[in-house]
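So that you can see what the record holds, here are the features copied from TrEMBL:
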| type | residues | note |
| --- | --- | --- |
| TRANSMEM | 104-125 | transmembrane segment |
| DOMAIN | 169-465 | domain 'Acyltransferase 3' |
| TRANSMEM | 171-189 | transmembrane segment |
| TRANSMEM | 232-252 | transmembrane segment |
| TRANSMEM | 259-279 | transmembrane segment |
| TRANSMEM | 299-325 | transmembrane segment |
| TRANSMEM | 337-357 | transmembrane segment |
| TRANSMEM | 381-404 | transmembrane segment |
| TRANSMEM | 447-467 | transmembrane segment |
Amino acid sequence: MPQTGGFVFLRMYLRDINQVTQLLTKSLSINAKASRCEIKEENPTEFHKLFCHADSKDSIRHEDSTCFTTNCFQQCCDPNVSTVLLNNKFQKFKNTKISSGRHLTCLHGIRFLTISWIILGHTYYFANPQTVQNLRKALNFGKDFAFQAVINANLSVDTFSASVDCLIWRIYPLYLVVLLFTCLIYPIGYGPLWYDTISKFVEPCHKYWWRNLLFINNLYSSEENTCLLHTWYIAADFQLYLASLIVILPILRWPKFGLSMCGFFIISSSFLTAIVSYITQQKPIMLYSHPDPGEKEYYWLYIYFQAYAHTGPYCIGFLAGYLLATTPDLKFSRVKTLVAGWVAAFICSFSALYGVYEWNKGPDEPNYWIGLLYSSVNRSIWTLGVAWMIVCCATGQGGIVNHILSWDAFIPLSRLTYGAYLIHPLVQMSVYGNIRTLMPPDHFVAVWIFFGHLCTSFGIAFIMSMAF
């Protein structure tokens, strides 16, 4: 069949499918239709999209403005120079020696375990329901007590807020590369689910890429108008970094006043979250028993993506850092005090993580006022436990926890954390878009897929770190 004739036939076939589908679903009050007909064809790479529709012809005409002159190109592409540069980068990457002075070696383990937690949560979250057989079985996942750690994995970003500094400028080149690569992801695969799975990542980047460059993409919640949805955290973290100057500058001159402001922002964050939740009638968190996409995006827009909701954890991390900087020889003289602190930290973190179990297993609705209280303080309470762990580990009072988190193998892996965070959703969507068979709703299968996502994401992050 000629190429043009084939496309005409496909359009007619798609129209007929939609007509039959509408007749079958009319009595069920369901609006269903086929989005497109997928055929195996060449998917040309549109290189002009690398520039995000920017007109760069004028700048290319000026030879003096480009850095790729003949001599420069020869130097950059010299095999000897490239080998030396790669070897130096690799030596720095694998170096696990820590110079003298105070170093929070436990943060390396916290970073790696946190990004692993995030990837595990996204393994379930980004899964395409159309590829899961016996989907009703997945409804019982919310009744599994251990699975609450996956459902409530959104708390992991507050661990990042409290335990890492602002690395925006260090990862900005990689951020740009990921944005550009998103425009080239179409030719990587094909299949019945490929276009619908990938398009929600690619299409918004063609229109709204500039929001990511300005770090304001967290102000937009829906997948239709947000480029790389997961990068909301980078925007929120950058906004908090700028806002922290309000505390840092006074604390250098008037420490008590600066610390008071920090405490004020922690309380204000909880109050503001409670007020917004009350006005917008939000659920206490993205509950498993309420999988409505509309409620999810509503929660994203007003609470989860907004910097104010994470101000409390950010300030708690700031206070922990200030404590370690001003009292480097901090020691708890009484064992009872140390034990009480660990018990309190465990209770705080455990209650924040598993306190939603009764609500997630359903079908009972959470008490409105208790849910409002939880939504306003759960992130700060979780971060209090994390901050206590960091302070104890940094002062040599972390015991076996510090030994585990300070393992030398975590040091090079932690250097790839942000790269893995940027890349892993593209890896996951590529995998789910290429699926051609139904998968069982089984935790063993999900964990197997998770390790594939984890290794692939860190592998690509390593390659990118060597290149940039």
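Note that the numbers count up from 1, one per residue, in the order the chain is shown.
Cβ atoms here come from the backbone N, Cα and C positions, even for glycine.
Counting Cβ pairs closer than 8 Å to the transmembrane segment (104-125), the top stretch among 232-252, 337-357, 381-404, 447-467 is 381-404. Away from its own ends, the transmembrane segment (232-252) comes close to residues 157, 160-161, 166, 168, 171, 175, 212, 215-219, 226, 258-259, 261-262, 265, 300, 305-307, 310-311, 314-315, 318, 322, 421 of its chain (Cβ-Cβ under 8 Å, at least six residues beyond either end). In the predicted structure, the domain 'Acyltransferase 3' (169-465) carries a mean pLDDT of 89.
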